[in-house]
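Listed features, source TrEMBL:
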SIGNAL    1-17  signal peptide
DOMAIN    40-70  domain 'EF-hand'
DOMAIN    107-492  domain 'Major facilitator superfamily (MFS) profile'
TRANSMEM  173-197  transmembrane segment
TRANSMEM  203-221  transmembrane segment
TRANSMEM  233-254  transmembrane segment
TRANSMEM  260-282  transmembrane segment
TRANSMEM  347-367  transmembrane segment
TRANSMEM  379-401  transmembrane segment
TRANSMEM  448-464  transmembrane segment
Amino acid sequence: MRASLLMSLRLPTPSLSLLPVSPLAADTLGPLIYLDTCNLRSRFDSFDSDGDGQLTLPEAAALLGHRAGAPALAASLSDGSGGGTPRVPWERLRDRVADAGRPVDGRVYPISGSLLLNFMGQGVMMPVLPLLARDAGLEAQGLGLVAGASALGRLLTNVPAASLADRLGRRPLLVAGPLLSCAGMAGFAACPASLPLFAGCNALAGVGGALTSAGAGLYLADISTPQNRSQTMAPLMTTALLGFAMGPALGGFVAEAHGLRAPFLLTSAGMFASSLAAAAFLPETMRRGEGGGREEGAGEQWAALGKIPAMQAINSVTFMTGVAQGASPVTSILFATETLMMSPAELGVMFTACVLAMAAVIQPATAYSDKSSRTRSDLILPGLALSAGALAMQPLCGGVAPFAALAVLRSVGDAAFVMPNVTPFIIDHTGEEKRAQALAMRNTTQDVGVLLGAVGMGIIATGVGVEQAMYATAAMQAATTGFFYLTTRGMDKDGERSGKES
């Protein structure tokens, strides 16, 4: 669904103040660069008094909002048609807006630098938490509960976090989120070994993660345009990958040298530094007066979003992403350490290899996503199928090398096809007024998946074996691939599926 407040019918002077302004807009086109082609044409038509597909210079200046430089820009867009009276054709305005919207906003870099510290902290604990839980005497089911606690914390926070981001702004969440995660990780380093305390610490870290995710997602959505959505997300994803590349190897070696609790101190320090960096370097991007003015509550927005086929499809993907993520500590990591006898350092090296491979493909993949004429759903599908195949083959591995190769292959598939397209897919198919809750829905479905994956696969692994839990995860991934394909057939890049969603 691309319906939004901007698609009203021929308002005489529709306000442009509802859209954020990029400091990198090359001219006074300003907020127009944030409109997709359909919404831009609707806006153009609302000023085209005679409906001939061309604007007079006064009409074009009104479309541009009568800002400084608008008359001169309107004149520069003219092609000299109209019997001596300069006019601005639709095609010329469309092309100029597309050109102005292609450069990526420079604000992606300070947010990426802040979150690099946050992701590096999370990466440190990836190979260590399952080993710490085992060292504390927890079975696979108990480890699943600890891993699921983080998802539960995020699950309970996603919707309130989206509402807070619309009321308080994005920056406060990017400061407070890492600070709460810092406290949770410090708890792992200091608290006695027990299931309730470990679960509580991970739940607190999950709450912080939900705040951070809501703030970061909306921050980037604020500054992205239809021409650069995937590329706007790319620096964030790249720095996240770099953080996870450095973190696991560092965590594994620190654990071997200084004990299983030492990496959590590093995690806590990294997240604290992330909070400080956000406070120091990230300007607010929320439009003043935007928050609190929603005509629909969160429940009504979720009900409307749930009826959109595109949202059903992409939420099945994010749910399965969460299932695989939650299942990993009680399936693939246990298989690697207890069947293949991989050490913490070897696990760290494998995680690092996965993330470095992802970092190598993410930038060209995002550029291709923005420029390609193929739909984002067509780009996502190969990654889903590749993930299902790799998950199904991993329990068949009899050695470290093929197991690690499949892990790297799956990571490359995610980075090349899935990761660059999920958030742009959501923004493409939802209006601005529902964007915060659409992203909260994405986060929530993923967190539900993490919770169910951790607990459910933990029960299966304890009851019938780790390999059987791995096969169950692969079967769910295959089912998700089929559902996504059937739901998105015929859907174009602007969200039309045999007619526009509304």
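The backbone N, Cα and C atoms fix where each Cβ goes, and this holds for glycine too.
Sequence-remote contacts of a segment are chain residues at least 6 beyond its ends whose Cβ falls under 8 Å from one of its Cβ atoms, and for the transmembrane segment (173-197) they are 111, 114-115, 117-118, 121-122, 125, 129, 132, 135-138, 142, 145-146, 161, 164-165, 203-216, 219, 261-262, 264-265, 267-269, 271-272, 274-275, 278-279, 282. In this chain, the transmembrane segment (347-367) touches the transmembrane segment (233-254); three or more CB pairs sit within less than 8 A of each other, excluding pairs fewer than 6 residues apart. Secondary structure by DSSP for the domain 'EF-hand' (40-70): 16 helix, 3 strand, 12 coil. Cβ atoms under 8 Å from those of the transmembrane segment (379-401) belong to residues 317, 320, 324, 332, 335-336, 340, 342, 346, 368-369, 372, 407, 409-410, 413-414, 416-418, 420-422, 425, 466-467, 470-471, 473-475, 477-478, 480-481, 484-485 of the same chain, restricted to positions at least 6 beyond its ends.
In the predicted model, residues of the domain 'Major facilitator superfamily (MFS) profile' (107-492) average a pLDDT of 86.
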